[in-house]
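K.L.:
Grabbed the feature section from TrEMBL, which reads as follows:
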type	residues	note
DOMAIN	1-105	domain 'Hcy-binding'
BINDING	Cys8, Cys90, Cys91	Zn(2+) binding site
Amino acid sequence: AQIVGINCHFDPETCVKTVKLMKEGVEKAGLKAHYMSQPLGFHTPDCNRQGFIDLPEFPFALEPRILTRWDMQKYAREAYNTGIRFIGGCCGFEPYHIRALAEELSPERGFLPAGSEKHGNWGDGLALHTKPWVRARARRDYWETLKPASGRPFCPSMSKPDGWGVTKGHADLMQQREATSKEQLKILFDKANQNA
């Protein structure tokens, strides 16, 4: 393989760690490759080996897990410092995420991406804000250390992934040609309730 990497199912932190392991293996074998990472645009530290598809929020309630542009800049730097040169994203990535990646790597690229003129780098445009506490946020270290809240009262910090024990090759994963019947759905609903 000319390019070795990981795509989807896991967040940037997990993907970069995984590519580091892949890189070690490739180098230990005396081989050379380019490295790539295309993680989710969501925080998923609580998912299990099948990734975000086992989280109870999948697929319609993942928005509270969306990474900030600052998370993306951190990811871009960590990936680049690891030796990953194909740095992108998969599910959950938005245009502002890609712009944040390109902004973080602008010294290496030699230019800023389109749209960067819309805001100051690392919030420095906030220096003009009328409120002093907002002006105090016009610095990189504020945004790099921020722990954003979900805003949802009593929201858990982590989810319990579904534990169906079904992996590749299992009969339950066979795609049907017709819609799932009400009887089949009842069996699934009952099993889901037992796993809850």
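Each residue, glycine too, has its Cβ placed from N, Cα and C.
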K.L.:
Identify all same-chain residues not among Cys8, Cys90, Cys91 whose C-beta atom falls within 8 angstroms of the centroid of the Zn(2+) site's C-beta atoms; report them in sequence order.
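P.N.:
These residues sit around the Zn(2+) site: Asn7, His9, Gln38, Pro39, Leu40, Gly41, Gly89, Gly92, Phe93.
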K.L.:
Tell me which residues of the chain lie with their Cβ under 8 angstroms from that of Cys91 (Zn(2+) binding site), as long as they are six or more apart in sequence?
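P.N.:
Those within reach of Cys91 (Zn(2+) binding site), by Cβ under 8 Å and sequence separation of 6 or more, are Cys8, Leu40, Gly41, Phe42, Phe52.
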K.L.:
How many other Cβ atoms sit within 10 Å of the Cβ of Cys8 (Zn(2+) binding site)?
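P.N.:
Step by step: centre on the Cβ of Cys8 (Zn(2+) binding site), count other Cβ atoms within 10 Å, giving 15.
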K.L.:
Across the domain 'Hcy-binding' (1-105), what are the DSSP residue counts per state (helix, strand, coil)?
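P.N.:
Counting residues per DSSP class in the domain 'Hcy-binding' (1-105), I get 47 helix, 16 strand, 42 coil.
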